[in-house]
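> There's a structure below that I have some questions on.
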Amino acid sequence: MSAVAYELLSTTAVISTVFQFLSGAMICRKYIQKKSTGDSSGVPFICGFLSCSFWLRYGVLTEEQSIVLVNIIGSTLFLIYTLIYYVFTVNKRAFVRQFAFVLSVLIAVVVYTNRLADQRDEMIRITGIFCCIVTVCFFAAPLATLLHVIRAKNSESLPLPLIATSFLVSLQWLIYGILISDSFIQIPNFLGCLLSMLQLSLFVVYPPRSYSGQGYKLVEQAVPF
């Protein structure tokens with residue numbers, strides 16, 4: 001692939017991922033309008049912050065500027081979403097405990113890998129493993145929804161626009177990972193493509209009765225990367 005095509009791919013991947021991250025702004029807007037988070041969970045925002053922070057660390061270590069840029073934006077956005085959720089949730093104590101746990105995991109990994117400063121390849125490998133684990137956990141999160149769709153034989157609860165966007169973003173980063181020969185980028189995004197295709201196939205197997213279901217009223221799926 002030519003340098004121009006490579007730059008085009010990395011630029012469009014960053015732009016489409018940032019737009020995906022911005023889906024959280026719609027959720028936060030509802031919180032601000034209602035002055036309440038209702039019964040929704042803030043875990044996707046906290047985990048989004050953790051994921052972007054890990055990938056930011058990985059991008060710095062591997063000197064991949066596209067990874068650094070997209071995850072600086074992502075970690076900043078998810079931190080803002082987390083703060084907005086905290087302001088409007090009634091269960092602040094539990095939310096703070098969740099955020100403190102995630103922050104402690106992030107700090108522990110950074111401190112541990114910093115001790116491997118003289119073993120840069122091992123430092124990158126361990127950070128990459130944690131990035132993959134967190135990202136795969138995110139991809140596993142919608143599985144409960146998929147089981148509900150299969151039981152109900154109705155895909156109305158699935159947000160089609162977000163799933164289609166997730167497929168596009170995962171595909172872009174998968175190709176990017178292949179071009180730079182980075183398995184830590186390839187593996188989670190390959191799984192992301194598979195999960196997105198599985199979700200999209202459910203719209204064919206179990207067509208929605210309408211396109212106004214819960215999946216279209218509130219998208220609450222964290223986007224890893």
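Heads up, the Cβ atoms here are built off N, Cα and C, so glycines get one too.
Copying in the features that TrEMBL gives for the protein in this structure:
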| type | residues | note |
| --- | --- | --- |
| TRANSMEM | 6-28 | transmembrane segment |
| TRANSMEM | 40-60 | transmembrane segment |
| TRANSMEM | 66-88 | transmembrane segment |
| TRANSMEM | 95-114 | transmembrane segment |
| TRANSMEM | 126-150 | transmembrane segment |
| TRANSMEM | 162-181 | transmembrane segment |
| TRANSMEM | 187-206 | transmembrane segment |
> Flag the pair the transmembrane segment (95-114) / the transmembrane segment (40-60) as in contact if three or more Cβ pairs fall under 8 Å (sequence separation 6 or more).
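The answer is yes, given that the two segments have at least 3 Cβ pairs within the 8 Å cut-off.
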> In the same chain, who gets a Cβ under 8 Å from the transmembrane segment (162-181) while lying at least 6 residues past its ends?
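Contacts with the transmembrane segment (162-181): 1, 6, 9-10, 12-13, 16-17, 19-20, 23, 64, 66, 189-190, 192-193, 196-197, 199-200, 219, 221, 223, 225.
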